[in-house]
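Annotated features in Swiss-Prot:
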type: DOMAIN; residues: 5-216; note: domain 'AIG1-type G'
type: BINDING; residues: 14, 15, 16, 17, 18, 19, 20, 21, 22, 35, 147, 148, 149; note: GTP binding site
């Protein structure tokens, strides 16, 4: 293993049309995952993107460390064509296959900032994370808000948006120690935003002392 290289394993989970595949592409700086607007679910199978290599991303022990990001894209839950049982089995199998030995550093629960988070759909999202990650899910989950430009269009700051969030969303944020990230679809440089998001993800991982969630 290269001592000057670090591999970070991530998974994107969430509702259909929440922007999981698009978010995965931003993290990778590529187009590994097929993403388009559609009235129903687009992603039907899990797939691993690993095209992201950033040289000299950070320093450790006086040495520059290169970063490789691996992102597992997953079908939406609930899915417009697949049963809930099928989606759970597909994602669980993929987590075990891709991260069974190396482990998962962080799961990103993707949620559109311009959509409400409450009721049964909110419960389903949290339940999915709990079932897939087990009792330690709170330590390995962050919320990724997509379409964050809608917040500014509404005349709100990120802080004001969170203050006005539903009880269900606030409860979830409290559960994951307020680990959250905002992803802007417009008005920001993709490359700059990508680096900022990865730096924030690394902060979360450092807070976890680089521990991983194993699926063996």
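Yeah, the Cβs are placed from backbone N, Cα and C, and that goes for glycine too.
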With DSSP assignments reduced to helix, strand and coil, which class does residue 149 (GTP binding site) get?
helix
Cβ neighbour count (within 10 Å, all chains shown) around residue 147 (GTP binding site):
20
Three-state secondary structure of residue 18 (GTP binding site) from DSSP?
coil
Under 8 Å Cβ to Cβ from residue 14 (GTP binding site), same chain, six or more residues apart: give me those in sequence order, or none if nothing qualifies.
20, 76, 77, 109, 110, 111, 125
